């Protein structure tokens, strides 16, 4: 189905190009089924084969278009949760403009992902497929890993090929060099399958060896996780279940005070050591000098509270997780670094068009990328919402002493697709850092994740939930924590060597 004649015989096409591009879009959609919530992780090992094949037979421009079509199928279907933004009538936007806005944002995000796969296809058709088969494999793997690394530093980053292996696939490989390890293995298998179809006998042997080695290494890394030592830490979490369209109203704020105060008292009676709330649990500007029911309750119980709220700063406000000690005083806070585009900040060039999308009365300011969140039990890694997708955000905090991970999010108004993808990101972060992770959300899915990546408890969505989690502090180091993404520079170095050798031969 996917085979086309050589470039020199383009007039004798087996398939018309429009049908080819539709087929590539379907292939991208099929690869998306490897992501949560379906989590058919094995599909990722063949999902890019049709695109790789076409890079070998299409001219660079047509290959780029093919990559865009595959990307729209993959990223477009994996980001359908953006549609849940509609309706936005609760912030004064009429139904039709609301529908158009949600689809426009989805199209923008999908296209940004499609540019990644389109760029990969363009570079492969222009440079990669001109090499011998082993070097072509290196080009394909390295280019995709490099593009993902570049995209991961953009404000629109969310979907990585590594997410296809979470929570039940080859997640343990993330201990070696973070998401790049998993992405590299997925791309290697796709490349070897493609080359095998072109009658490359060595590729079939390499394919079998790669699959066996990856699965075996994943198993070995899982069973070699060090046992927990020391005293357990009991963390209570409160899933408030107050929809955003409600909690930003006076009645919603009143309900938030009531719900989180009630949950705090209940968890304290269960004997927890600390209590965790979701992102923006109290959607107000926190005033440290003023007494309120929360600080009074903390002073009375003496149990620390990690509270999601907002704090005023010069020029705006921070989305923060506060650490209130047993006296109700702020002893540490973490300001959200990676703000959600359009929802939490408006790019200047879009300000006049979509300013009404924001419900904020003052602009949110990103937090300092180099923050340390201290607790009575040592430093903790904090990930607020969107930050779960950025592995470098958690790694920096791990290097600076993070002993467990606190992931807090709102996740409303989005439903199961986004919730499970977000949970999948947190599984990757727990495994990469070899840390216990407590995930607390407003509407679900809250969770407790072990350093092995196993989800020990998962809440139901759209319900009020309180839960007491037992976790352990850890000070172990994975290769990724110690050395970061060392694999990508290695791949780039090998790629540079291949280019130099090629020039030397000429």
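Placement of Cβ uses the backbone N, Cα and C atoms for every residue, glycine included.
Record features (Swiss-Prot):
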TRANSMEM  10-30  transmembrane segment
TRANSMEM  33-53  transmembrane segment
TRANSMEM  57-77  transmembrane segment
TRANSMEM  105-125  transmembrane segment
TRANSMEM  139-159  transmembrane segment
TRANSMEM  176-196  transmembrane segment
TRANSMEM  205-225  transmembrane segment
DOMAIN    238-473  domain 'CN hydrolase'
ACT_SITE  279  active site, proton acceptor
ACT_SITE  336  active site
ACT_SITE  385  active site, nucleophile
TRANSMEM  483-500  transmembrane segment
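The recorded stretches the transmembrane segment (205-225) and the transmembrane segment (176-196) share 3+ CB pairs below 8 A when only pairs 6 or more apart in sequence are counted, and are therefore in contact.
Neighbours of residue 385 (active site, nucleophile), defined as other CB atoms within 10 A of its CB across all chains, total 25. Taking every listed stretch (105-125, 139-159, 176-196, 483-500) in turn, the largest tally of C-beta pairs under 8 A with the transmembrane segment (57-77) is reached by 105-125. Classification of the residue listed as 'active site, proton acceptor' by DSSP places it in coil, neither helical nor stranded. Counting every protein chain shown, the number of other Cβ atoms lying within 10 Å of the Cβ of the residue listed as 'active site' is 27.
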